[in-house]
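Asker: To start, I am sharing the structure in question, which I have written as structure tokens.
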Ligand SMILES: CC(=O)N[C@@H](CCC[C@H](N)C(=O)O)C(=O)O
């Protein structure tokens, strides 16, 4: 029989919700918390998020664990017997696992407290527009700020039982990218009387893809991805508008600033070439995930003595995570948790191996207990 936290993951998996609309998710987590011993627990809600305080036996310090809550606009194509019940939405980035692991950590310390205090943050809207920054500024959190914090992210490429991390930068700086092109629509047979935004938008995508290869130092990694392009209404109508939606990733703040300047230059070139209006909106921006070097090294050393975990010192990834904002204010680290599936993050067929859930709960609780008693 599956552990209660695997069961919880299966329930969460069925109700993926967009950022700041995690209403059913919040209720399910609150109902689950209500079944745990309450004597050491204080629960606060913030928007669709939850903060859970577990008082220690003789606290000198406060630890934190953060789990993200939102799903993605993906139509699930897994073979799981508990698929998403929300059409067009899926937990395809492991947040269902991150939350069930958080609940396992809470249950562990609610039953057998450690010396120090613990706050678990169930944080909405990691995929966008970003729940971490407003949550960190929320009144509900001010007297509960931890002294040290940890979070994890599932890693499809690693076997179960693997943890991968590194000191310093783990995940990139990110900026969303929304570009609107406005030209002049018209009849398909009269292109000379219109400004076709399909042609302008396609040109712009091509030019955007030269920025990383031609303007960024190759030793300083960066990515521009356009994940969505929308234009036109019918095959014989010239499109008046086009919209490009994407994301920028960089390891350095300098490259992010440079890329944005180049995008603006490309946009003004497109405006004059196609006699159109181009508007850029950078949406939400996430700070890099910067692992505290001393705490991460110490965690890695501790893992080396743990026979159940295979530790990998990995390289940086160009993924983003608004946990970077937590790490800007609170020392701590993030790590990858192996879930061994051939399909990557954000893929409709991703099926993380659930055995990783109990492994993560055991590892985090043992680490916190070890650290807390020092
Ligand atoms: C771990 C992960 O996949 N995170 C997301 C974060 C998205 C940030 C933002 N909405 C953007 O698209 O820039 C990622 O896509 O890396």
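Using the three backbone atoms N, Cα and C, a Cβ is placed for every residue, glycine included.
Values in this document were obtained by computation on a predicted structure and should not be read as measured data.
Marked as active site by TrEMBL: 68. The Mn(2+) binding site annotation in TrEMBL covers 93, 95, 127, 153, 346. The active site, proton acceptor feature in TrEMBL is assigned to 127. Look at TrEMBL and you will find 180-268 tagged as domain 'Peptidase M20 dimerisation'.
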Asker: Where residue 95 (Mn(2+) binding site) and the residue listed as 'active site' are concerned, what is their Cα separation in Å, rounded?
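Answerer: With the alpha carbons as reference points, the distance is 6 Å.
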Asker: Would you mind checking how many other C-beta atoms are within 10 angstroms of the C-beta on residue 93 (Mn(2+) binding site)?
Answerer: 23
Asker: What does DSSP give as the helix, strand and coil breakdown of the domain 'Peptidase M20 dimerisation' (180-268)?
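Answerer: Residue counts in helix, strand and coil order: 38 helix, 29 strand, 22 coil.
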Asker: Work out how many Å separate residue 68 (active site) and residue 127 (Mn(2+) binding site) at their Cα atoms, rounded off.
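Answerer: Spelling it out, the Cα of residue 68 (active site) and the Cα of residue 127 (Mn(2+) binding site) are 9 Å apart.
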Asker: Please give me the CB contact count at 10 A for residue 346 (Mn(2+) binding site), counting all chains in the structure.
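Answerer: Neighbour count, Cβ to Cβ under the 10 Å cut-off: 14.
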Asker: Which residues in the same chain, at least 6 apart in sequence, have a Cβ under 8 Å from the Cβ of residue 127 (Mn(2+) binding site)?
Answerer: 19, 68, 70, 71, 72, 93
Asker: Determine which residues of this chain, when 93, 95, 127, 153, 346 are set aside, have a Cβ within 8 Å of the centroid of the Mn(2+) site's Cβ atoms, and list them as they appear in the sequence.
Answerer: 68, 70, 72, 91, 92, 94, 126, 345
Asker: Does anything in the same chain, at least 6 positions from residue 153 (Mn(2+) binding site), have a Cβ under 8 Å from its Cβ, and if so what?
Answerer: 94, 98, 319, 321, 334, 335, 336, 337
Asker: If the criterion is a C-beta within less than 6 angstroms of any ligand 1 atom, which of the recorded positions 68, 93, 95 pass it? List them in sequence order.
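Answerer: Those recorded positions that pass the cut-off, since their Cβ is under 6 Å from ligand 1, are 93.
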